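Only one structure is covered here, and it is reproduced in the block below.
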Ligand code: DON
């Protein structure tokens, strides 16, 4: 059996009940020592896996299902579906709605990716991510002494890329939607105009960045010059008017409308960093999804500048390792294999990742069988020798919960998977007067200089260097899986910065390889490694199973995996939706 290695899991869990606290010379001797011990069988703990949670975060329907990170965004999807919309109308409605409902995570001044699969029509990958303004060059972010100015690229008006969310959503909806734009934007406009109660996650985000907000932003997110609090009503009038202008002028509003004029005017005080020509040159890119066969399904994911390709490499490496007899087995063995697959994939990302219009990303090589075999042989040598130590690298990813994902599927298998973002919490923490638009800080996704980590601790090479008009490398990896007959199996994606590809890996691994149910797979403790920092991040529940002493060859850090997964899966005639229990959203459908 292809995955028999993994199926030995339950027996091997027992081994770790009695793990010794002795530092071992090598992995092999460590494993041999532990393979001898016997204990009662157990299962790993679930995180947030209670029935009460499950009742909220999992839903089963048969006709249509949407999973998002806000109940009202999912509700917007249901409303549009009931009005006669298709999955693309639903995606558009939920996208505009979530821009209003999670202004700390995404917004009209952000960017994103979408995979659209309509079994009777085709499959598409859309890149409507931010691009560097014409003025965006690395010299902009260099201090007089030649060192990189990491603050300037991360915060404030120069950390902003030319946004693509509006152009992207409009284009996709125009190509494949059924309803009018007025219809699909109606829920978002209502939420902006009538307001909604601020929830804890939003209130915390406002409080956190309050001191850095410009006065315009404080007017919207404050009451009596203090941060708006949980439970208070947030009305976004200027944003409502921007949305209204979009319904009237459609994409023109985003090229030469009042909105873009207001943005260019705002930037006149800042060196004209974003100018009229940036709006005119912005193009949504429409391309083919990256397709591979993995774990029993055909997988379509987003090609570069997304990190879909590195997710594919990661899955292929683990598959190849499972075929070889020499690798350590058991829970620790499994963790080593997954960690090493993650390490190699993120190493590739740091070397090759970038905008394919500006740099060659060797996608075919990185997913070829010969490459996978070579890399696995290298891992094998290293693991079997047991002689390695973590590279010391103190840069740690900073805490950042934002970005968003929308997964939609109907009973015919029509599906959309879309991740959208303004990058950090409230992006650049600046609002353009009169627009209600929160500026992104996506320039930080470029590599400011080789080896200098960004907000997520990620490093890059020249391939991801800043250039005018270029798209920064992204971790966002919206993905759709289909059966051999073309029927959609699963729609998945996540926010979570550098942890996006590993969150999708963890969930697919538990669901498709370990055969856990979908909710357990989403809520199961995760592991993460991103090459640099050379640290193995484990969810805290794993501490009892993997005390640092049991993984002496890694620098282990326990902490909650940041990414929130939103997924819809088809099992027989059922559509199962799960919104990550770490988040605020719910799946909705019937
Ligand atoms: O595109 C990227 O990789 C980042 N801008 C995504 C940011 C993100 O997911 C933040 N969430 N925690």
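Even glycines carry a Cβ here, placed using N, Cα and C.
Annotation for residue 403 (active site, nucleophile): spatial neighbours 105, 106, 419, 420, 421, 422, 423, 476, 495, 496, 497, criterion Cβ-Cβ under 8 Å with sequence separation of six or more. The active site, nucleophile feature in TrEMBL is assigned to 403.
Sequence annotations record features per position, and here TrEMBL assigns L-glutamate binding site to 129, 421, 422, 423, 445, 474, 475, 497. Taking Cβ-Cβ distances under 8 Å and a sequence gap of 6 or more within the same chain, the neighbours of residue 129 (L-glutamate binding site) are 111, 112, 113, 161, 164, 305, 442, 471, 472, 474, 476.
For the recorded site, residue 421 (L-glutamate binding site), the DSSP three-state label reads strand.
Of the chain residues outside the L-glutamate site list 129, 421, 422, 423, 445, 474, 475, 497, 111, 403, 442, 472, 476 have their Cβ within 8 Å of the site's Cβ mean position. Taking a Cβ cut-off of under 6 Å from any atom of ligand 1, the binding-site residues 129, 422, 445, 475, 497 reduce to 445, 475, 497. Sequence-distant contacts (6 or more apart, same chain, Cβ under 8 Å) of residue 445 (L-glutamate binding site) comprise 423, 454, 464, 472, 473, 474. Counted over all residue pairs in 129, 421, 422, 423, 445, 474, 475, 497, the record's binders of L-glutamate, the longest Cα to Cα distance measures 14 angstrom.
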